[in-house]
Amino acid sequence: MPIITLPDGSQRQFDNPVSVLEVAQSIGSGLAKATIAGRVNGERRDASDMISEDANLEIITAKDEDGLEIIRHSTAHLLGHAIKQLFPNVKMAIGPTIDNGFYYDIDLDRSLTQEDIDTLEKRMLELAKTNYDVIKKRVSWQEARDTFESRAEPYKIAILDENIAKDDQPALYHHEEYIDMCRGPHVPNMRFCHHFKLMKVAGAYWRGNSDNKMLQRIYGTAWADKKQLADYLHRLEEAAKRDHRKIGKALNLYHMQEEAPGMVFWHNDGWTIFRELETFVRTKLKEYDYQEVKGPFMMDRVLWERTGHWQNYADLMFTTQSENREYAIKPMNCPGHVQIFNQGLKSYRDLPIRMAEFGSCHRNEPSGSLHGLMRVRGFTQDDAHIFCTEDQIESEVTSCIKMVYDIYSTFGFTDIFVKLSTRPEKRIGEDVMWDRAEQGLANALKHNGLEYEIQEGEGAFYGPKIEFALRDCLDREWQCGTIQLDFALPGRLDATYVAEDNARRTPVMIHRAILGSIERFIGIITEEYAGFFPAWLAPIQAVVMNITDSQADYVQKVVKQFSEAGLRVKADIRNEKVGFKIREHTLRRVPYMLVCGDKEIVENKIAVRTRKGTDLGTFSVEEFVEILKQQVRKRELTLLGE
């Protein structure tokens, strides 16, 4: 007679074993209809699963994050159901969930076309709208293998042979005549899987191994209702419009080419944005009392062996040889900073030492993972390392957190998710040290009034870390900032300081990055602003243009006044209609268009309009120079009149 305890603390007693769905029915028909699955003592279970002992139960519906994931997983099975009907000889591999959707890897003797995808999506919807029940059956390992042998499914057999113990009882999910194998849980009925779309087809090696056969991977998205699906597709459309690769080309910011994969060729306007970001961060480095240093691009293999990178990171490192010595081009700045710290005797009175670098790093990322500025091989880190005592951890982390939020807010990012990653199973150091480190990070977050999610066991082997993820205007998350405690590297590289008792001690090192990669951050803000950079970041802050040739000299005089004030302004005195010039520079997203006609010459003024088409009227040249200088100095996000 199981007693079921519900989330509100109430209890229900049953005379016999009871399913998750039956418990929901005992509460109410509305809840039963909405039930997708349940959490039994915290473990996700199918709605049909029986509970025979006392347990805590939470009902999972489409409103839950888990519910949405289950819908997506079941929609992957729906895809399998449909494709087996359309292509009976297809071999099914794996179909997991991913962010915002799912995919299924298939082995088919021909490439799928867009017409095939459209037909497949139509068949999926036809099947889903019959609202058939999904039946779960636990069977013996041998029965499962026999089932897939009879259906000529070699990939399912391989999963059984390689991943499932012979004394296990795998779950088979029956979608009418289609059978799939999965840990589950899955929806009890296909009425939950009506809102989906197939997105694209790509290639994928079986087991992710390039030695294996190339399969076709069908990607899809699935949501709980029609509005969620429509909103997501709208966000994708907006993301396509804001794609930093398209905008970068349209605004002539940078380019990339086959001869240098993953490397950026910065054009003048893109490099202007890059340098403005560096200048801004440098002002913050001074404000927060950092030293700026510069380490070498490559160092001897011996050093990388001492740090552990050669053993654990070699696949991502570019190497070269000279005079019978092997070198690695640095993938990160930290070993070089320890070398700088090691020059000269350090006392506890010298700590903390905050060392920052705009370090040019290189990582041999797989070519298939490269993506514009978001994933590159050559990048610049706004990296810093703080050498401190254990007693200084909390105060230094607090300072880092303040700096992170200070910088992000300047760009308009205020929706920030914080995660605290704690000790992994394999780690160095005593538990007492980890207790102190994790508590120091947690205290710093609490003292700053920050809510955070704990990621158990996700810290590095050498220390816990804080991660900062930005949410952008399209509801996407970008993991940028990190604060990482490191108890290993200073010791590996013999970093010491003289403590108050005259003993030699190893400092704690705090790795700190805010923008992360400057290249990637430019990609992020390009999409956030859709190329409409605020005036302080815009490569050209204003264009001064004439109406007729008679105003050309006045235009040059105005440009000189702005340039002497340190502003990025250029003249457009081409023999073109002023409307044509305005349209052209509007497409270039130049913040301000300054028009000079005969009237403006007489009054020593300029007519000002914004790239959004707002007519701001006329200003004296001196007046608008000061307005623009103030916008740049304050790093304002909006233009005048917006």
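Using the three backbone atoms N, Cα and C, a Cβ is placed for every residue, glycine included.
Per Swiss-Prot, the features are as follows:
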type    : residues               : note
BINDING : Cys334, His385, His511 : Zn(2+) binding site
DOMAIN  : 1-61                   : domain 'TGS'
REGION  : 243-534                : region 'Catalytic'
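A sphere of 10 angstroms centred on the C-beta of His511 (Zn(2+) binding site) encloses 23 other C-beta atoms. Taken through DSSP, the domain 'TGS' (1-61) splits into 14 helix, 24 strand, 23 coil. If you take the C-beta of His385 (Zn(2+) binding site) and look for same-chain residues 6 or more apart in sequence within under 8 angstroms, you find Asn333, Cys334, His337, Val338, Arg354, Met355, Met509, Ile510, His511, Arg512. Taken together, the residues in the region 'Catalytic' (243-534) have a mean pLDDT of 93 on the 0 to 100 scale. For Cys334 (Zn(2+) binding site), the count of additional Cβ atoms within 10 Å of its Cβ stands at 26 [all protein chains shown]. Other residues of the chain with a Cβ within 8 Å of the Cβ centroid of Cys334, His385, His511, the Zn(2+) site, are Met332, Asn333, His337, Asp383, Ala384, Gln484, Asp486, Leu489, Met509, Ile510, Arg512. Classification of Cys334 (Zn(2+) binding site) by DSSP places it within a helix.
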